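The annotation compositional bias 'Basic and acidic residues' is assigned in TrEMBL to 684-695. Sequence annotations record features per position, and here TrEMBL assigns region 'Disordered' to 669-704. Per TrEMBL, transmembrane segment is recorded for 26-45, 51-71, 83-105, 111-132, 153-173, 185-206, 265-283, 314-335, 347-365, 574-594, 606-626, 638-661.
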Amino acid sequence: MAKKLCGTNYPVSICFIVVNEFCERFSYYGMRAVLTLYFVTYLHWDKDLSTAVYHAFSSLCYFTPILGALIADSWLGKYKTIIYLSILYVIGHVVKSVGAIPTVGSSDVHIALSMVGLILIAFGTGGIKPCVAAFGGDQFDEEHRSERQKFFSIFYMSVNAGSLLSTVITPILRSDVQCFGGDCYALAFGVPAALMIVALVVFTVGSGMYKMSPPQGNILLEVCNCIGFAIKNRWKRSKYDSQKKHWLDWAEEKYSKRLIQEIKMVMRVLVLYIPLPMFWALFDQQGSRWTLQCTRMNMAFGDFFTIEPDQMQMLNALLILLFVPIFDFIIYPLIGLCKINVTPLRKMAVGMIFAALAFGAATLVEIDVVKSVVDPAPAGKCLLQVFNLAEGDVSLMIPGSHLFKEPIPNLQDPAQYETLPASGEDVQFQVTFNGKTSECNHTFLQREAYSLILYPDAAGIQCNVVSDYIKKNDNGKPLLRFLNTQPEAINITVGEVSFHLPSDYSMSPNETVNRGEYPAVSCSSTSGKCSELNLGLLDFGASYTFILMEASGQIVAHRMEDVKANSVHIAWQIPQYVLITIGEVMFSITGLEFSYSQAPANMKSVLQAGWLLTVAFGNVIVLIVAEGAGMEQWKEFLLFAGLLLGVCIIFSVMANFYTYVDPDQLDKTRMEDSGKEEDDDDEDHVKKKSNDVKLNKRGKSTRL
């Protein structure tokens, strides 16, 4: 007899299962939280490719549960399936972590290891997904159904707790811990790998307490075989046999009527599932497009704390824990008091509307976010800004151009980049200072950005052109560079980043630093004129050029802002997270309950597999749009919102024609129907035999 927790009917074995699920979900969501930024900042993929691969991985994670169910029910059983696929899961995490170590091979090796690791993780997490919860339910005796129901609530809470903690912790490990000269993705992936090892060990330790059921045969496989037989039989016999009321009735000669009737019930629900992937196409963009949106927002909450872009996803898990009891105990009962009949399908339709509204909110945020972004120059053009380091105003003229009509003041921070023709030939500049005019020529490439530096020397004004990096940093952190105007080399250390600046108007490359105040930056030079520099606040998303010059016998840093800091605060994402989470509560949780209630007991796993496939196909939709649409982000958000509203209308029409069934009543009458089925089968057999004789007399055979 299974051991019980003190004074309860709960088996001790469920403790190991709940802890296993917590660690596994921590492992999965923690890894996935930093995955998009890993693609963008570590593998240096563009945002569209990063989004596509992220959703391809998510899609694979929801295709593989079918494979796990087949293995567990037809071959190994749930326990061995969880053990073997968890080992595969751990190997995938380890491979993924090794691929995030910069010293291990070239970039091609990193990509190969990352992809292999993700594939193994997808097979591991997807394969055990349909097994763990069901295995936990198997631990309870039939007379303890109420305890089993409470177990599933505890199980669901462990999933969300693991998700919440991991989406807070792993981004901190990535950004706050520096390794190999940058963000520590190896640690951010390594800790989830360690948690998956813990999950496997904990699950294995409880092996002596588990109640294990042998494989019973896969009902999903039987359903597929029945459907396949019906289609094949109809194709072969429809030419000479009488028409059936339903195409599944063509399987009657091999499969029981009860099974066929149950499949009909399931098929009616699966037809309703057809529009559902569009909801998941929006929902799962929290970890891709919405995370990338965060990188272009101000993530500081005053002087108290800052949030990492990949941490914002934890808001969904937090709100789920808050909204589920609110809806169950307050909102739904209040609606019931108003005598409003809110069916499960209506709840799901309303959930779709809330998800569409969430993307409408994301669209409004995105429109404001892009205002601080410098748009690249169109084909045949380039971008140019001018730094005037002369001791007075300078007039700049480009023959054939109306740019720079007004004199450029000394050390003026350019308000914006100007667009300049870039034909690949030299562009002539005429520079006038103190009545003297000098000329300089430079070649510009199209779609590039440049800074033109004007500085004095004995002959007048000299020109120097440097390339600019106008894209905002992919991780949201500020970029900075230094221009040394002094006749001596200068060394500067900003945080953990060092700059070495040769003499005479040399420009350092852009480097990434953490956001924050820098009132006393270490600086050294041979003359001793440079000891500390005040850089002020280096804010999210900005790119700075600091011009080092002498003032009152000391070297000071004059600040220029090449790319404006992120002006939209990350708190503006909260409304879209609130809306998408309300949509999840009304759509996802209700959908699971609906799927469970509308299927006979032995068909619930079939509908569960169908439900998971809607998530997989939703990620496929994002993959296609991300790679194929090529539109501005706010337009893409608006497109998804519009598509979901359109799908919601279609779903509502389909739901209006759906008739709810009582599968429990079907289960109660199984024994009654089984006897009747045997009699009907005998009658059908006699009729079929008689028809065979008649058909054979006409020279037609019915044998398959």
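The backbone N, Cα and C atoms fix where each Cβ goes, glycine too.
Unlike curated entries, TrEMBL annotations are predicted automatically.
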Counting only residues 6 or more past its boundaries, what in the same chain has a CB within less than 8 Å of a CB in the transmembrane segment (51-71)?
32, 35-36, 39, 45, 81, 85, 118-119, 121-123, 125-131, 218, 220-221, 284-285, 287-289, 292, 605, 609, 612-613, 615-620, 622-623, 626-627
Return yes if the transmembrane segment (574-594) and the transmembrane segment (638-661) have at least 3 CB pairs under 8 Å (sequence gap of 6 or more), otherwise no.
no
Residues sitting near the transmembrane segment (347-365): Cβ under 8 Å, six or more positions beyond its termini, same chain?
278-279, 282-283, 289-290, 293, 297, 568, 572-573, 575-577, 579-580, 582-588, 590-591, 594, 634, 637-638, 640-642, 644-645, 647-648, 651-652, 655
Need a quick answer: max count of Cβ pairs under 8 Å to the transmembrane segment (83-105), which of 111-132, 314-335, 638-661 is it?
111-132
Residues from the same chain, set at least six apart from the ends of the transmembrane segment (606-626), whose C-beta lies under 8 A from its own:
48, 51-52, 55-56, 58-63, 65-66, 69, 129-130, 219-220, 223, 266, 269-270, 273, 276-285, 288, 591-592, 595-596, 598-599, 636, 639-640
Could you give the residue numbers and ranges of same-chain residues that sit at least 6 residues beyond the transmembrane segment (185-206) on either side and whose C-beta is under 8 angstroms from one of its C-beta atoms?
12-13, 15-17, 19-24, 26-28, 30-31, 34, 38, 42, 82-83, 86-87, 89-90, 93-94, 96-98, 100-101, 166, 169-171, 173-174, 177, 179
